[in-house]
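Participant: After the C-alpha cells below, expect a handful of questions from me.
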Amino acid sequence: ALEDPGGGGGGGGARGGGTRTSVRASKPRAAPSSSSSSSKNRRSATYAALLVVRLLACLAPGYVHPDEYHQSVEVAAADVLGLEVDHPWEFTAKTPARSALAPHLSAGWTYGAWRLARRCWRLAGGVQKPAGFDLFDAEDVVPAVVFLAPRLGMFFLSLTLDAAAYSCAESCSKSGTKSGVKRSGQTAGADARIALASSWPVLVFAVRPFSNSLEACLLAVAALVTLARPRWYRWRVSGTLGFIAAIGIWTRFTFALLAIPLGLRNLESSLRFRVYPLASSLLVACVGVSSFVATAAVLISADTAYYHGGKALVDALNDPLNNMFNNVVVAPLNSLRYNANVANLATHGLHPRGTHLAVNAPMMFGPLAFFAYAAVLRSMFSSAFTERRKILEGSGDDRRISIHTHAKGSAPKPPKRRAAGVGGARAIVRRSNRRSLWLCTILYAFGVSVAPHQEPRFLLPLVVPLAALFGGAVTRTRTRSLAWVAFNLAGFVAFGVAHQGGVIAATAAAPSFARHEWTRTVANARGAAAAAGVTNTNANTNANTNTNADDDDDAAESLLNGLESESASTPPRVHAAFWRVYTPPLALLARRSPEERDWSPGATLASTPPLAAWRRRDRVFSADVAGDFADDDAIDPGLDETRPALDQKSLHRVHAADLTGLPAAGVKYALRHGRCEGAAERGEACVTLLVAPVTAVEGDDALAAAVEAVRTFGPHFSGEEMDAYVRAYRTGGARAVLEGMRLGVYRVKESA
C-alpha cells in the first residue's frame, strides 16, 4: 500500500462502467540487433577504461587546496595512526566548526583498515614479500600509506556517483522511438555514467578526501534510495533518507539544500496513495524525522565526547537544562554561525555572489553547465509564450469548431483521452524525478551563492544531477565528444597534476633529505679533521705552527665527536622552510607522537579523556611579517627542538615552518639567522632547507646566491608565479615556462 505508484508492475486500474476496452495484440519482441549490442559493449568498455583512469588518478601529485589534507588526512592520521600533525582552526576552536565524522569517513577508516591488514600480514609471518615492499613490514608508518590510503578509500566511495548517475538517468528517461532511433533508459543511463566518469571534477576531487567529495557521495546514495528504488516502501525510504540527511549535514551543513528536494519527492509519492494518502504521508514524515533526530543525537554525543571528553557528555545528560548549551558540540550549527559572519569569511577571501554561476560552474562542468543554462532559458521563454499560444489556439479552435459544425451538420467529437494506466503512472514518476533533480541543482546552486566566499569545489555535488539530466547530450555527436574530452583533459592536467604539484613529493622526501644532509655534514667534518692532520704533519719543524695545528686538530675532532654523539642520541634537526607554496601536510613526514601522549579510553564514559586533547597542534608557524626583519622574534617559528626521539629507528625529525607572506629579503634573513646559526661551532647537527618555486628563488639574486639546489620536483604550477611564467615565455618560450614550473629544495650555503 505504501509503494510508489507506477514503480512496480500491475495493471492500470479499473475503467469506468460501460466503457468499451480495446486490447491491442502485442507484437513479438524482436531480437536485439548487432549494432545495439556492439554499442552496449562499446559503452561498457569505455566505462571500464575510465575506471582504470580514475584509479591511476589517485597517484596524481596535484595539491588542489589545503583542506584536502588539513581537514581530513591530518586529523585522521593523528587519531588513528598517532602521527604528529598540525590541526586546522575548525578542530581547535572553542566552538569546533567541524564534526569528527567527516575526517574519519574520508580517511580514518582507511588507516584503520591498513592497521588491520598489517596485523594480519604479521600474523602470517611466512608470507614472501616482494623486494622493497615495506608497507606492512615497516616499524613506522611510511608516507605512502598516509598519501594513498584515503585516496583509495575515496575511489571506492566514488563508485556511488556512477551508480546514481546511471539509475537517475534511467528513471528520468522515456523509452520509445524518436526519429527512427530507439533510446532506451539503459542507454541514457550508460551515457550519463560515462559523462560523469570522464569529468575532471570526479577524476580530481572525488578521489581525494574533501568534505565536498563526501557530500557528493552522500547525495548519490540518497538519490539512489529516493529516485531509483520504486519498489521500496515509502516509510523505508523516508527512514533511510533521514539517516543519510543527518550524516550529510554533519559533514557539511549545506547538504540540507540537497536533502530537502528528495524528502519532498518522497512525500509527493506518498500523497498519491489510493488509500489514506494523508495518513500515509504523516507516517512517512514521522519516520523520516525520527530517523534524522536519532542519528543527530548520536553524532552530537560523539562530537561532545571527542572534543570535551566523556565527563562533559555525562554532565549534559544528567543536567540538560544547565549543561546542554555549554558543553554540547553541535558542529553544523557552529559552522553555520561562522559562515554567516562576513568578517570571518573575509579572512578566507571574498567573491561576488555570482561567482558560482558565472565562473565556477562553467569551470567545473563545462558543457554540462551550458546545457543546463540553455534548458533553464528555454523553459523560461517557453513558459512565457505558452500562455499566449494557448489563448490563440483556443480562439482558433472555437472558429474551427463552428465551421466544422456548419459544414458537417453535427457536433465535433471530443478528443480521446488516454487512460491513466501503467504508462501514465510511469510518466508521472519520470517527471517527478526530473523535477527533483532540477530542484536539487537550483536550490543548492543558489543556496551556496548566498555566502560571499565561493570556491569551485563547493559545486561538486551537482555533478550527479547534471550528469543524469544532460550526460547524453554532451556525447551525442562526435564534435561534442571531442569538446568534452578536451575540456576535461585540460582540467585534469591543470588541477590534478600541475597545481602545486611539487609540495607533496617534497614534503614526503624531507626525511630523505635529512639523512642525506646529515651524511654530508659528517663527511665534511671528517674531511676537516683529515685536513687538520695533514697540516700538523707538514708543520712539525715549526713549534708555533705545530701548536696551531694541534689546536685545529683538536677543534676538528671535537666537532666530529660532537656530531657523531648527536646522531647517536637524537636524529639531526632539519628545518624546512616552505615559501610561496601551500601549507605542507605534516602527516606525510610520518613522525609518530611520543608514547607518553598516547590516548586511551577510561574505565567509564565519565573518565574517558577527549580524543582531541593529546594531539599536537603547534607544528607549523605561519610567519606573515613585513617591513623590519631585525627582530629575531618576528621570524622565529618557536619550534620545539628539545624533545627526544622515540628510538634510533625513527625518522629524522624535520621541523617545518611556513614563511608564506615574507618577501625574499625576509626569507634570506630568516635562513641566515635561523635556529642553525652557529650550530657547527657548537657541535650540533642542524640543517636548513628552503622549499620554494624555482621562479621565486631565481627571481631574487640575493636569495639565489645564498642557497644551492638539492633537487627539484614538478610539474609545479602556482598562481603566484604567473608574472614569472609570462617573463619566462617572453625570453625562452614554452620550454622556459615548463622549466620554471618546478618546485626546488635548496640548502643554505655555509658562506651565506
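In case you wondered, yes, glycine gets a Cβ from its N, Cα and C as well.
In TrEMBL, annotation is done automatically, which means it is predicted and not curated.
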Participant: Looking at 147-163, 215-231, 436-452, which one is transmembrane segment according to TrEMBL?
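Facilitator: Matching range for transmembrane segment: 436-452.
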Participant: May I ask whether the transmembrane segment (436-452) has at least three C-beta pairs under 8 Å with the transmembrane segment (282-302), counting pairs 6 or more apart in sequence?
Facilitator: no
Participant: Sort out the residues at least 6 away from either end of the transmembrane segment (240-262), same chain, that have Cβ-Cβ distances under 8 Å to it, and list them.
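Facilitator: Distal contacts: 99, 101-102, 105, 211-212, 214-215, 218-219, 221-223, 225-227, 287-292, 295-296, 299, 303, 331-333, 335-336, 436, 439-440, 443-444, 447-448, 458, 461.
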Participant: Using a Cβ cut-off under 8 Å, which residues of the same chain at least 6 positions beyond either end of the transmembrane segment (436-452) come close to it?
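Facilitator: Distant contacts of the transmembrane segment (436-452): 168, 172, 219, 223, 226-227, 254, 257-258, 260-262, 264-265, 339, 342, 345, 350-357, 361, 372, 458-459, 461-462, 465-466, 468-469.
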